[in-house]
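Chemist: Below is one structure. I have some questions about it.
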Amino acid sequence: MNIRPRRSVLYMPGSNSRALEKAKTLAADTLVLDLEDAVAPEQKIAARAQVVDAVKAGGYGYREMVIRVNGLDTPWSEDDILAVASAPVAAVCVPKVESPEQVLRVVELLNRGGADESVTVWAMIETPRGLVNVQAIAASHPRLSLLMMGTSDLAKEMRIPHTPDRIGFIVALSECVLAARLNGLDALDGVHLDLHDQESLRLICEQGRNLGFDGKTLIHPNQIAVTNEVFGPEPQEVDRAERIIAAFTQAESEGKGVVVVDGKLVENLHVEEAKRTLAIAAAIASMQG
Ligand SMILES: CC(C)(COP(=O)(O)OP(=O)(O)OC[C@H]1O[C@@H](n2cnc3c(N)ncnc32)[C@H](O)[C@@H]1OP(=O)(O)O)[C@@H](O)C(=O)NCCC(=O)NCCSC(=O)C[C@H](O)C(=O)O
Ligand SMILES: [Mg+2]
């Protein structure tokens, strides 16, 4: 089972060279070097060169590298995507995706720029139109590998307040996870804007995990540790997964299709879940060396 952990996915402004350097020391699974909202218009072109140079220079170790380009309706997006195509990134992250055709356009630009076949597309869902079309977007092209919620833009567009329980976002978050799973994609939750409140961050991470997200997008190094903890399997989950596999293997050898572990029914589907838990734990351990 080939699994890429994306518990913590940290954005940083592409114009901030200090943050690009600092990121080499941070425990985030993925780094998203941003050219969109975090970069002022007059810095867009310099930031584009800076992020491409940073990724080419390397030094980020196990961390997955992604560049978020400007929106497809801006004067920068085409050159951003062509520039990203020349860089050793895992994906290009595209904000405010609203249609399958836009994903096809990004793929065309990546191909034109000579991007490696391994470079995938991440689509951000953060507008009402993007949300309404999320299933078609998710099914648009095999190169699309992940959906990412943009809850700040969505809040603005939908006039949804950021409440602690995120009641106004629940349908959108679930729609995103549903569309992702229907199409074999990963899904990332939106950002938590409070940089210093670890308690509210933990609750929101737990909610995102319980809604089915694979990880969370972050804006500050303070947010990495809690996110890694909540979205990673706990030691007792790993232990239970090992016992489920052992108990089911034994049951099968005795000609049984079900077994009880810790008072709970275990069938083959639970064994598949347990194998996935072990694969995630192993992938996390191998990233950390
Ligand atoms: C929010 C910040 C501007 C705060 O920055 P700062 O005041 O520098 O914070 P600190 O002094 O606490 O920083 C301590 C050190 O950590 C480094 N740092 C800070 N943030 C990051 C980061 N994101 N990545 C890497 N390193 C970071 C500082 O450089 C300090 O380092 P050192 O001096 O060496 O100790 C800042 O956190 C920030 O800019 N965050 C990211 C903002 C961003 O990228 N926004 C765009 C993405 S979110 C979005 O667009 C939402 C989405 O589209 C939606 O619609 O929902
Ligand atoms: Mg946004």
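Note: Cβ is positioned from N, Cα and C throughout, glycine not excepted.
So TrEMBL lists the following for this protein:
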- 7-221: domain 'HpcH/HpaI aldolase/citrate lyase' (DOMAIN)
- ARG68, GLU126: substrate binding site (BINDING)
- GLU126, ASP153: Mg(2+) binding site (BINDING)
Chemist: ARG68, GLU126, ASP153: which of these binding-site residues put a Cβ within less than 6 Å of any ligand 2 atom?
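Modeler: GLU126, ASP153, in sequence order.
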Chemist: Within the set ARG68, GLU126, ASP153, which binding-site residues show a CB-to-ligand 1 distance under 6 A?
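Modeler: Correct list: GLU126, ASP153.
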Chemist: Expressed to the nearest Å, what is the distance separating ASP153 (Mg(2+) binding site) and GLU126 (substrate binding site) at their Cα atoms?
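Modeler: Here the two Cα atoms are 6 Å apart.
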Chemist: Restricting to the same chain and to sequence separations of six or more, state which residues have a Cβ under 8 Å from that of GLU126 (substrate binding site).
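Modeler: The list for GLU126 (substrate binding site) reads PRO95, LYS96, MET149, GLY150, THR151, SER152, ASP153, LEU154, GLU157, GLY190, given in order along the sequence.
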Chemist: Does ARG68 (substrate binding site) have same-chain partners at least 6 apart in sequence with Cβ under 8 Å from its own Cβ, and which are they?
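Modeler: The answer is TYR11, VAL32, LEU33, ASP34, LEU35, GLU36, VAL92, CYS93, VAL94, PRO95, MET124.
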Chemist: Across all the protein chains here, work out how many other Cβ atoms are within 10 Å of the Cβ of ASP153 (Mg(2+) binding site).
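Modeler: Looking across every protein chain shown, the total is 18.
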Chemist: Where does the mean pLDDT land for the domain 'HpcH/HpaI aldolase/citrate lyase' (7-221)?
Modeler: 98
Chemist: Does DSSP give ASP153 (Mg(2+) binding site) helix, strand or coil?
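Modeler: Once the DSSP labels are grouped into three classes, ASP153 (Mg(2+) binding site) ends up as helix.
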